[in-house]
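Read through the structure below, which is laid out as structure tokens, and then see the notes.
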Amino acid sequence: MSKANHDTSVTEGSSPRDEAATSPLPGSKNNIGATSKEYESMQSYLQGFRLILMIVAICLCLFLTNLEIPIVTTALIGITDDLGGFNKASWVISAYLLGYVGVLIIFSKLSDIFGRKSMLLVAVLTFAIFSGACGAAQTIEQLIVFRAFQGIGGAGNYSLCTVILIELVPSHKYAKLTTFVSLFYSLSLLLGPIFGGVISENTTWRWIFLLNVPAAVVAAIIIILAMPNGFPYHGRPREERPNTNRIISRKVAKRLDSFGAALLLLATLFLVAALEEADVDYPWKSSFVIALLTISGLSWVGFLLWSWHTTSQAGFREPIFPWRFVQNRVLIGMLLSAVFLGGPWFCAIFQLPQRFQIVNSLSPLEAGVRLIPFTLAAPIGSIVSAALAKTAKIPPIYLVIFAAVLQVIGFALLSTLPKTHHVAAAQYGYQIIAGFGCGINISLLLVMMPFRVQERDKGESLPWRK
């Protein structure tokens, strides 16, 4: 097993990062005002067998995490047939996403304080434990609760894997590595509905969750063996590393933006609850839904004001959402693109399999197969966008705009599908258009984000893309 290499050189490929302003290293007293070049030179990159193992672990973690949404969509009818509560079926998906979104940013911030390796192991084991709990659930309410905690583990997996990914190799190798890993992300979306259909038809739906347990344990073992303690600064003397803490002290607690995290969680929770309950158990104009939306709106306003206040104070507390993000027009554009991508993307993955089973009377496996045009077009879009950006030298912003146009056209056409028992052949073409556009944006936003923020903000910016 080869030793980690301490790379102190700055290559030509790192030039986009050099545009970032000077920034202090978190917790390091001797490196205040370090530039992006100095920041990168402090890192020690993995090589050889260790690097290969870590890439395998990251791909496995991302695959399992992102598999959990599409794999459940085709099995949801079988789950509700067994546990009951069909009117609560959407919460099985939403609970996972709620736990996922609620702590996505928090995990990356905690890893700055307690270290990447320890927090990634916490996330992987949380995901494994509650995947097992989901498989053992006896009621739909139990499943919803366990799915929320499973989503918390999934959030840590995604958040930390994307941060660690850009720290594994020098910046000039990042785009190639990210494109490779993005294929596994897209592969999970392609195979998820099919796996869900196969498992649901041939055995119990519980294996959808139980199979995660051994796979997550394997990922945890690889991380323990391949990831050095103190990564990515493991190659430097301990006294020169940015400060990380294994225990929570009063000093460490002050660094945590607990109030900001609580506001973000409240804003997300009440918004999702309002959207889930409106027109299901309560009409849109009911006082209950209006109250949820009002609390969510006030929480979002409070979160933004608190982020501005915390950032402007320039104190020891590290805000979850630094106000620098708002002042970065390119970054805000990327985040808005991710927002407008995410909603239709998840709606399609959730609604299309349900439509195939309920409206078109197809089996879970057939529903998964009919979704292939959408899920296959996404990885193809990722590959094509990477090739165009690299070989044809097309500016990524033009590709992002082109992808957005495809998404609007594709999803608009999907919204026109008739409510008939017959499966309209045209919808496969609509799926391809929408999926291809989504695939382009998924890949480009992941690659572009780290190059548009200061080095100290990488941990916070990448999860916000989700």
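Each residue's number is its place along the chain shown, starting with 1.
Glycine too: its Cβ is placed from the backbone N, Cα and C atoms.
Here the structure is a predicted model, which means the values were calculated and not measured.
Features of the protein shown, as given by TrEMBL:
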DOMAIN    54-466  domain 'Major facilitator superfamily (MFS) profile'
REGION    1-32  region 'Disordered'
TRANSMEM  51-77  transmembrane segment
TRANSMEM  89-107  transmembrane segment
TRANSMEM  119-138  transmembrane segment
TRANSMEM  144-165  transmembrane segment
TRANSMEM  177-199  transmembrane segment
TRANSMEM  205-227  transmembrane segment
TRANSMEM  256-275  transmembrane segment
TRANSMEM  287-309  transmembrane segment
TRANSMEM  330-351  transmembrane segment
TRANSMEM  371-389  transmembrane segment
TRANSMEM  396-416  transmembrane segment
TRANSMEM  428-448  transmembrane segment
Mean of pLDDT values spanning the domain 'Major facilitator superfamily (MFS) profile' (54-466): 83
The transmembrane segment (119-138) in contact with the transmembrane segment (205-227), cutoff 8 A, at least 3 CB pairs, sep 6+: yes
Proximity of the transmembrane segment (89-107) to the transmembrane segment (428-448), 3+ C-beta pairs under 8 angstroms: no
Result, the transmembrane segment (396-416) in contact with the transmembrane segment (51-77) (3+ CB pairs under 8 Å): no
Chain residues outside the transmembrane segment (177-199) and at least six past its termini with a C-beta under 8 angstroms from it: 55, 58-59, 62-75, 165-166, 168-169, 205, 207-208, 349, 353, 363-369, 371-372, 375-376, 378-379, 382-383, 386, 439, 442-443, 446-447
Tertiary contacts of the transmembrane segment (371-389) (same chain, 6+ residues out, Cβ under 8 Å): 70, 74, 175, 179, 182-183, 186-187, 189-190, 192-194, 348-349, 352-353, 356, 396, 399, 403, 428-429, 431-440, 442-444, 447
Same-chain residues near the transmembrane segment (287-309), Cβ under 8 Å, at least 6 residues beyond its ends: 259-260, 263-264, 266-271, 273-274, 277-278, 319-323, 326
Beyond the flanks of the transmembrane segment (256-275) by 6 or more, those residues with Cβ under 8 Å of it: 94, 97-98, 101-103, 105-106, 109-110, 113, 289, 292-293, 295-296, 299-300, 302-303, 306-307, 310, 317-321
Same-chain residues near the transmembrane segment (144-165), Cβ under 8 Å, at least 6 residues beyond its ends: 54, 58, 61-62, 64-66, 68, 88, 91-92, 95-105, 107-108, 111, 116, 119-120, 122-131, 133-134, 137, 174, 177-178, 181, 209, 231-232, 446, 458-459, 462-463, 465-466
